[in-house]
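Listed in TrEMBL:
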- A:T99, A:S100, A:F127, A:P128, A:T129, A:D130, A:T170, A:D199, A:H202, A:Y224, A:W254, A:T280: pyridoxal 5'-phosphate binding site (BINDING)
- A:K225: N6-(pyridoxal phosphate)lysine (MOD_RES)
There are 2 protein chains.
Amino acid sequence: MAHISEEQIAQWDLIDPLAEKREAFTLPANTVYLDGNSLGAMPTAAALRGKQVLEHQWANDLITSWNTHSWIDLPATVGEKIAPLIGAAPEQVICCDSTSINLFKVLASAMTLQKNRSQVLSLAGNFPTDLYMVEGLTALLGESHCHLKTVDEDTLEEALTSEVAVLMLTQVDFRTGRLLDMQRVTHLAHKQGILVIWDLAHSAGALPIALDECDVDFAVGCGYKYFNGGPGAPAFVYVAKRLQAHVSQPLKGWMGHKQPFAFAQGYEQADNITQYLCGTPNVVSMSVLDAALEVFADVNMQQIREKSEALSELFIALVEAEVALSDLVLVSPRATKDRGSQLAFEHEHAHGICQALIELGVIADFRAPNILRFGFTPLYLRYQDILTSVQILTQVIQQKVYLQAQYNKQNKVT
Amino acid sequence: MAHISEEQIAQWDLIDPLAEKREAFTLPANTVYLDGNSLGAMPTAAALRGKQVLEHQWANDLITSWNTHSWIDLPATVGEKIAPLIGAAPEQVICCDSTSINLFKVLASAMTLQKNRSQVLSLAGNFPTDLYMVEGLTALLGESHCHLKTVDEDTLEEALTSEVAVLMLTQVDFRTGRLLDMQRVTHLAHKQGILVIWDLAHSAGALPIALDECDVDFAVGCGYKYFNGGPGAPAFVYVAKRLQAHVSQPLKGWMGHKQPFAFAQGYEQADNITQYLCGTPNVVSMSVLDAALEVFADVNMQQIREKSEALSELFIALVEAEVALSDLVLVSPRATKDRGSQLAFEHEHAHGICQALIELGVIADFRAPNILRFGFTPLYLRYQDILTSVQILTQVIQQKVYLQAQYNKQNKVT
């Protein structure tokens, strides 16, 4: 690690404009957490809110809290907090259900708009649940009305033909961190009359997103990764305002009704983003996410992006400077602009290395068969943490600590 | 209130075998809570668990908690706690999503099994979201493959013909508390080759249910009413073991995959109840529900039913004994065996009366246009509370307090 000194790294932390944001989080001692791309760390205010909702709102005010504590407004409240973070003007984002279920809603909406086309195009390397949800819709509509086609990244643009009904893409690849050009791809698709759905699971909260500016049709995303909303936090859905009067989603639960409390027998969908709600909102989890999003109130996504780039570039520089780490092969794009906020490396002992790192307090991530993932979350990581993690990584590989690692890591939620 | 003395009522509390269960709950002071049929009160252990999941599991153990704190098992763990409370042998119940979404899953599953029938039969008075979800499925499958027919209760049995694909009923009516005969109706439906879905929203946790014994095909239910799982708690779904190898549900999220962590491109559904999962489980809320269910560990549903009957019979007796309350018209079935754990009365000033009751510490419930609902939750209500509530109700009506009531109660989740 010759050409970047420890003093230099300490200096970067000193002048980091986001440095004090770390204090908003409760973090475990002696741990470098490089897995915020799977599960964000806990904003202290999120736990306080959870406690308040349980012990005060639920326990004392019971059913009256739907009004007195505005529980009924939570899906919209949280949606409007997320909106500016993903480049959406108001009244286009709402918080509800899971990413998978929201994907089903927008997939079905989009297919209904595209009456004479049946192909859903995606990338073969997309996060599996996204592809599975298309299969589910196919099972209902039939192959002739909905079928999935997957292509590799290098043939994506040529696959954008007038046969495609819907293009469904994840902006940042969950394995490699590859970042797609949302503006370009959306534009190319629209030229062919294709509707576009973006899954923001690995990008929302990590980098600036401009849904409105890119003229995106639909988007979904996750509350528990870079938004730090807690394990299994509710997800969100975006539908462009210009489409809202024309779409219809099939999970017609009472909360999407124009007047849910009229208890009318027939469904009349809300004529705005509210129609994307289904059942009763999950108040406890949604409140926790609501409080977690406050961390973003006084930062902008450009600041976050700049630090994210700097952290990951530092990680790469330190790895490249260390001879012992020469067997680590970067599988993320080398150009910063083409990546989200994570790095992936191949190594034949990736699984054991990941286990050893966790035992030594560096929480990284393994993806079968041989990939090590490191996620960089600018709100609570220091430059110093990057140095520490590469030092420990070096120790693990140099001393072959991975041969003894015992940590059992069978099931892990991305 | 002539023929039942206060001493008699106090005596009932003294000998009540469930009396000490009240201590497991955190309840507001000076309040009689008769709305546990909308949102159950808070078991103290539920809040403690919520706090622990936030401050300890999430904050300290972060992503590793999926294994170390068995987050990944929560849907099954909670499902297996609910199973015995609804008369289900193991491996048939799983906790996930909302009641509405689970209804969609089982509706679609059932319709797929019934290839040559297209009618979904329900009652006109069913909880609206149930009917809406059928409309949503119709929008996907087309009228010729799925259409809703609703009938009134008195013509239900004659409507059970070989044209019906699926009978979808809510066991206890959300307005009147009317309890259907699950065994009889399921049997009559099966004789016509009809598959049966029961919505247990207003019955699970309130009375003994015998899903297996009644040979029920599918059921869904709610975590936040009589199970006291917290506002918007996750719901549950039951699929009879004998059907599990034959069904397929269309919300094919990764958690329903046979091997979710293999990240395979194609969906291969789990061959058990796990296939009813979709996205990542909501850990915080599901943990709270998990802890809440511990209250049921050492009681049986028959005990709960007996006290529920006694509480509601006492309420009726006290109302009937009070001349000032003669304008309250019972719209629930008069026979105890035909009711769930709630009573509904019509009164022209129902809305104002409900507001006045809440202001005076009796939390009841209003349903448009003129219905007052009172729910009885044996785990935390005393016989004394019933006396108190009827005394305050008498005061409200006798002194026309409802004319001044200001409490604004626009939106309320049932």
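Glycine is no exception: its Cβ is also placed from the backbone N, Cα and C atoms.
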**Complete:** Filtered recorded positions (A:T170, A:H202, A:K225) by Cβ distance under 8 Å to chain B; hits in sequence order, or none, are none
**Prompt:** On the Cα atoms of A:T99, A:S100, A:F127, A:P128, A:T129, A:D130, A:T170, A:D199, A:H202, A:Y224, A:W254, A:T280, which are listed as binding pyridoxal 5'-phosphate, what is the maximum pairwise distance in Å?
**Reply:** 30
**Asked** Could you tell me the C-alpha distance between A:T170 (pyridoxal 5'-phosphate binding site) and the residue listed as 'N6-(pyridoxal phosphate)lysine' in angstrom, no decimals?
**Response** 14
**Number of Cβ atoms other than its own within 10 Å, given for A:F127 (pyridoxal 5'-phosphate binding site)** = 23
**Message:** Can you tell me the CA-to-CA distance separating A:H202 (pyridoxal 5'-phosphate binding site) and the residue listed as 'N6-(pyridoxal phosphate)lysine', as a whole number of Å?
**Reply:** 7
**Message:** Using a Cβ cut-off under 8 Å and a sequence separation of 6 or more, which residues in the same chain sit near A:T129 (pyridoxal 5'-phosphate binding site)?
**Reply:** A:T99, A:S100, A:L103
**Asked** Taking just the CA atoms, what is the gap between A:K225 (N6-(pyridoxal phosphate)lysine) and A:W254 (pyridoxal 5'-phosphate binding site) in Å?
**Response** 29
**Prompt:** Near A:W254 (pyridoxal 5'-phosphate binding site), which residues of its chain come within a Cβ-Cβ distance under 8 Å, counting only those 6 or more away in sequence?
**Reply:** A:P260, A:G279
**Request:** Tell me, if you would, which residue among A:T99, A:T170 (binding-site residues) has the fewest other CB atoms within 10 Å in the structure shown?
**Result:** A:T170
**Message:** Taking DSSP as the reference, which of helix, strand or coil describes A:T99 (pyridoxal 5'-phosphate binding site)?
**Reply:** helix
**Asked** Taking the Cβ of the residue listed as 'N6-(pyridoxal phosphate)lysine' as centre, how many other Cβ atoms lie within 10 Å?
**Response** 29
**Prompt:** Where does A:T170 (pyridoxal 5'-phosphate binding site) sit in DSSP terms: helix, strand, or coil?
**Reply:** strand
**Asked** If H, G and I count as helix, E and B as strand, and all else as coil, what does DSSP give for A:T129 (pyridoxal 5'-phosphate binding site)?
**Response** helix
**Asked** Around A:H202 (pyridoxal 5'-phosphate binding site), how many other C-beta atoms are within 10 angstroms of its C-beta?
**Response** 29
